[in-house]
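**Q** What TrEMBL lists as NADP(+) binding site is B:Gly171, B:Arg172, B:Ser173, B:Ile237. Per TrEMBL, the feature domain 'Tetrahydrofolate dehydrogenase/cyclohydrolase catalytic' maps to B:8-123. Summarising the annotation, TrEMBL assigns domain 'Tetrahydrofolate dehydrogenase/cyclohydrolase NAD(P)-binding' to B:144-294.
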Protein chains: 2
Amino acid sequence: MSTVTTVIDGKAAAASVIEAVTSAATTLESSGHRKPGLAVVIVGDDPASHAYVGAKSRMAKQCGFNSIQHTLPEETSQEDLMALVAALNADPDIDGILVQLPLPKHLDSEPVIQSILPEKDVDGLHILNAGKLATGDLKTGLISCTPAGAMILVRQIHGKDLSGLNALVIGRSNLFGKPMAQLLLNANATVTIGHSRSRDLPELARQADILVAAVGRAEMVKADWLKPGATVIDVGINRVAAPEKGEGKFKLVGDVAFAECKPIAKAISPVPGGVGPMTIAMLMANTVIAAHRRAGVAAPSF
Amino acid sequence: MSTVTTVIDGKAAAASVIEAVTSAATTLESSGHRKPGLAVVIVGDDPASHAYVGAKSRMAKQCGFNSIQHTLPEETSQEDLMALVAALNADPDIDGILVQLPLPKHLDSEPVIQSILPEKDVDGLHILNAGKLATGDLKTGLISCTPAGAMILVRQIHGKDLSGLNALVIGRSNLFGKPMAQLLLNANATVTIGHSRSRDLPELARQADILVAAVGRAEMVKADWLKPGATVIDVGINRVAAPEKGEGKFKLVGDVAFAECKPIAKAISPVPGGVGPMTIAMLMANTVIAAHRRAGVAAPSF
């Protein structure tokens, strides 16, 4: 392509969401309501999970939220975890509840997640929220954070109406692929969902004006998969060996071979710094939305 | 194509579902449980709605169900209709509740449908049932009848696993297009959802091994839209003038130009006699499933 490719700046987009969230939280509080309250629950000692939870708690404070972290021991029983969620459901100061996944192996995450009140389900994982999204109700539920964030990046490039554009989502998880497809469809894209059982992903990809990859396979999408001028959203985060950084060193790469795809694309999101920062920003957005609804005040949209 | 095209016999497929439903209802009753109970609610005097409801009530009786029809006057209030649904929700003899749509214009159907207990929502229209289907849970919810019936026809041709097959669903309604896409995806097809805002439906169609049309435009899908050897499922029911039958006469046609498409397809469902008869059969299937779950007995699958 002779034109210059846009490298989508997820950090800047996330910062802009956080700014809007902070402003909405301030306005809510200054109009006589309490601060938005986010409860983050973590069970066990997994260092990666603790790092994620720490980042979420810090971001919540930065947004002006009341952020409460519940750290439970590894040996916590299903009953005790469910009892904590029930208490947080009943707590009038809590607008959002996030249970950090994965849980230790002896715990069953699905009943825990489904026991969160749908209106406090800021991760957007409750079946009722999935049902609202699946039936095109984007106004009263809470939408899974990563697809909601990826959509904001798509909108930066194409605007709100994707009529006439072909979108391919590679990956069909409940966390990302399915809700992403529903959001794209709702924006009038013609949506294809490809996955591990698809016959010819490269051929499907070559027809996509918008290609969203979420499979967890390092640099799977190659330059010859792309339609020239496509928008490429890379949701993969893969840890691969980086001997150039020294023995035993690793780096993060996406599902898209960025260097070779960039010259073909119209716009492309990098890893890291693309979709990644949007996830936590949308968690804050969901929390401030939930707080507004709870306060009976019109919620901002993102 | 040199091979002979299969014209999919929806009447026979529906009869086979009805036979299995009747047998399951008999077994349930003979093991000491009560008959499955289906309540059908109709408001007003629309002749077409009364014809549908009559057919459903008769079929329920034929299946050995306890079938109760509630016929409410045109001027019924929202409150009275909601009160009837609440009473049917609480009635231990009722397994399934169907509110015939459309309702008279002064009534709001959505709160009525969403007030039906999800486990009695045999039309599969409750958000919780949509959410279960959207997240791949096909075991604990109730699935919208027409897509569930269309899937049985697809399975007749391709079996349960659609890996490697490209499916195109034309139409994105909550009643049909979206749940159909989810069912096809769940069966491992690579699924595209096309609609009125799609750029080139004929080109999309020519890549589909399974083409499902549900747009409500008479004979829109032409022979040159088809990939040779495709399976074509026609969900449209359109009333068009049939001067050959006499002045002012009408006939029913689908969204597919059947006569010209038949020689190209591997299998094709006719209108009438294709998907149509499956809808009412799947309503009976959902009712017998709901009755089994209520009785705490393993439910049959269809």
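Glycine too: its Cβ is placed from the backbone N, Cα and C atoms.
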**Q** Hey, does DSSP put B:Gly171 (NADP(+) binding site) in a helix, a strand, or just coil?
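**A** SS state of B:Gly171 (NADP(+) binding site) = coil.
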**Q** I want to check the contact list for B:Ser173 (NADP(+) binding site): same chain, sequence separation of six or more, C-beta distance under 8 angstroms. What comes out?
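**A** Listed in sequence order, they are B:Ala214.
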**Q** Give the number of CB atoms, excluding that of B:Gly171 (NADP(+) binding site) itself, located within 10 Å of its CB.
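**A** Around the Cβ of B:Gly171 (NADP(+) binding site), 23 other Cβ atoms lie within 10 Å.
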**Q** Over all pairs in B:Gly171, B:Arg172, B:Ser173, B:Ile237, the listed NADP(+) binding residues, work out the largest Cα-Cα distance in Å.
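**A** 16 Å is the greatest Cα spacing among the residues binding NADP(+).
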**Q** Which whole-number mean pLDDT does the model give the domain 'Tetrahydrofolate dehydrogenase/cyclohydrolase catalytic' (B:8-123)?
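**A** Here the mean pLDDT over the domain 'Tetrahydrofolate dehydrogenase/cyclohydrolase catalytic' (B:8-123) amounts to 97.
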**Q** If you count, for each of the binding-site residues B:Arg172, B:Ile237, the other Cβ atoms lying within 10 Å of its Cβ, which residue has the minimum?
**A** B:Ile237
**Q** I'd like to know which binding-site residues lie near chain A: of B:Gly171, B:Arg172, B:Ser173, which have a CB under 8 A from one of its CB atoms?
**A** B:Arg172
